[in-house]
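What TrEMBL annotates here:
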- 36-460: domain 'Cation/H+ exchanger transmembrane' (DOMAIN)
- 475-506: region 'Disordered' (REGION)
- 15-32: transmembrane segment (TRANSMEM)
- 39-63: transmembrane segment (TRANSMEM)
- 69-91: transmembrane segment (TRANSMEM)
- 98-122: transmembrane segment (TRANSMEM)
- 128-150: transmembrane segment (TRANSMEM)
- 162-186: transmembrane segment (TRANSMEM)
- 206-232: transmembrane segment (TRANSMEM)
- 253-279: transmembrane segment (TRANSMEM)
- 323-340: transmembrane segment (TRANSMEM)
- 352-372: transmembrane segment (TRANSMEM)
- 436-460: transmembrane segment (TRANSMEM)
Amino acid sequence: MRADGGAFLAYHEPGIVSILTLISFFVFLAVAETAAERVLGAGLLGHMVVGLVYGAPIANILAPEWQDAFLALGYLGLILIIFEGGLTIRLDLLAQNLVLAVLTALVGVLTPIALSFALLYAGFGYGAIEAFIVGTALCSTSLGTTFVVINNASKAVDFSQTRIGTVLISAAILDDVCGLVLVSVIQQLRGLSAGGGASTNLGWIIGRPILASSLLSLLTPLAVKFVLGPAFRRLVKAGRVRQRFQHPANMSLTVLLLSAFLAVAAYAGASVLLGAFLAGTVVSSLPGRPADARHDSAGDAALGRPPAFAETFGKYVGDVQRYVLQPLFFASIGFAIPFLELWTGEAVWKGVVFAVLMVCGKLVVGLCVPLWDLVAVRQPPTGPAEKMAGACRRRVLAASWAPGALLGTAMVARGEIGLLIIQIGLNDTPVLSRSAFVVGVWAILLNTIVGPVAVGFLVARVGLRVAENPRWGTQARRQHGVEMQSGGESQGRNGQARGSREEIPG
């Protein structure tokens with residue numbers, strides 16, 4: 001807006017109604033999160049409810065331009081959520097259980113898509129592409145819900161240090177990465193409606209995001225090992241910039257790498273959210289003190305040791321992300337839920353039936369645990385120890401059902417990623433009907449409610465048994481070739497043992 005012919009925005013004091021509306025919006029976001037966390041174990045549901053009420057679906061209290069602004073800020077919050085997931089993931093444990101995590105993630109992705117085709121396409125008569133889009137939305141796993149529920153369900157056990165917890169987090173991340181790759185495919189489906197050469201370019205429309213995402217995922221570790229890692233070591237050793245400026249230097253490098261990966265992913269045709277996750281893994285892979293190591297900030301500064309990147313992220317961004325951007329993201333999802341359309345008779349019964357099927361589609365992921373034990377614990381073909389080995393094998397298989405049930409139920413919640421994918425399918429493509437969209441939204445919402453409740457129930461009853469399981473419970477870690485039990489006196493939920501990465505000399 002121009003004032004008196006000048007190129008500047010004329011400043012006007014906001015009215016008291018606008019000020020009180022914004023205050024009430026943020027207050028209710030906090031109150032609703034606390035209530036939903038205590039009742040359902042998923043605070044994000046409270047944010048969505050507030051978004052429903054204040055946004056266009058119900059009362060439309062917020063002005064449209066405010067809703068657009070909160071949508072943009074909320075998407076920035078989503079980028080930071082996924083970046084933090086890549087920043088804090090235990091890459092060493094992921095590497096140790098990579099094969100199992102990949103197999104588990106594949107089951108968690110392919111089964112919901114297959115069941116979606118079976119019910120929506122063959123049963124309800126929706127189109128094949130519609131079934132694919134809805135199945136893609138339901139193949140995701142709410143990583144934020146998974147972290148919150150697992151961490152809050154038990155005060156005595158740190159499930160991030162268990163093998164089943166590592167497989168769960170890794171599979172959930174891989175599920176979301178697969179979903180984000182498929183999002184790029186879905187976004188390119190708009191080219192099918194352009195006519196002309198669309199059919200000729202169909203292979204490139206579908207292949208470009210897959211190729212871009214695959215190359216980014218494969219080339220990023222190589223770039224860290226052979227380019228970024230050595231360059232970072234030389235930079236620190238030569239100029240000591242990071243030791244002198246500590247957190248500001250860490251934050252500057254974090255912003256630079258995150259922005260670079262977002263731009264590369266966007267221009268290459270992949271999802272910017274995949275770029276955010278890869279940026280987090282790159283930052284966490286840079287040499288330095290691990291994020292989960294005990295530390296003394298004053299001592300580290302005196303010795304010239306740089307702080308961990310995760311510590312810097314928490315210091316500068318953590319509170320803003322946790323209390324402002326993250327609630328705005330979940331509230332912005334509530335802005336876009338067609339609340340009134342959910343309550344037609346056809347939408348309710350189809351949505352509930354589809355939701356039950358999608359719960360089963362994630363519960364079967366838990367079968368990977370006993371099947372993995374069935375293959376891993378082999379019975380010797382001959383010899384006097386055959387009967388004893390058979391009994392041992394049966395005990396191992398019997399003990400694997402509790403970890404398997406926990407894995408399956410923890411993957412049920414779809415949450416923010418599922419709603420994001422199905423919203424993209426509706427808004428960015430011409431092929432998803434509102435009827436199929438509403439059925440998918442029903443399934444996502446019901447799964448996001450049922451999943452955390454079921455996990456809390458299981459952890460309360462078998463959590464300690466899972467943690468003490470020798471195969472799936474608390475895992476020993478290796479440091480300089482020596483096994484160290486991660487549940488010893490030097491550890492706790494808030495102070496874990498140091499990782500195996502070496503510190504940069506001061």
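Cβ from N, Cα, C; glycine included.
Pairs of Cβ atoms less than 8 Å apart link the transmembrane segment (162-186) most often to 206-232, out of 39-63, 69-91, 206-232, 323-340, 436-460. Long-range neighbours of the transmembrane segment (39-63) within the same chain, counting only residues 6 or more positions beyond its ends whose Cβ lies under 8 Å from a Cβ of the stretch, are 18, 21, 25, 28-29, 31-33, 70, 142, 144-145, 148-149, 152-153, 327, 329-340, 413, 415-416, 448-449, 451-453, 455-456. The transmembrane segment (69-91) makes contact with the transmembrane segment (323-340), as judged by at least three Cβ pairs under 8 Å among residues 6 or more apart in sequence. Sequence-remote contacts of a segment are chain residues at least 6 beyond its ends whose Cβ falls under 8 Å from one of its Cβ atoms, and for the transmembrane segment (98-122) they are 128, 130-132, 134-136, 138-139, 141, 166-167, 170-171, 174-175, 178-179, 353-354, 357-358, 360-362, 364-365, 367-368, 372, 407, 411, 436, 439.
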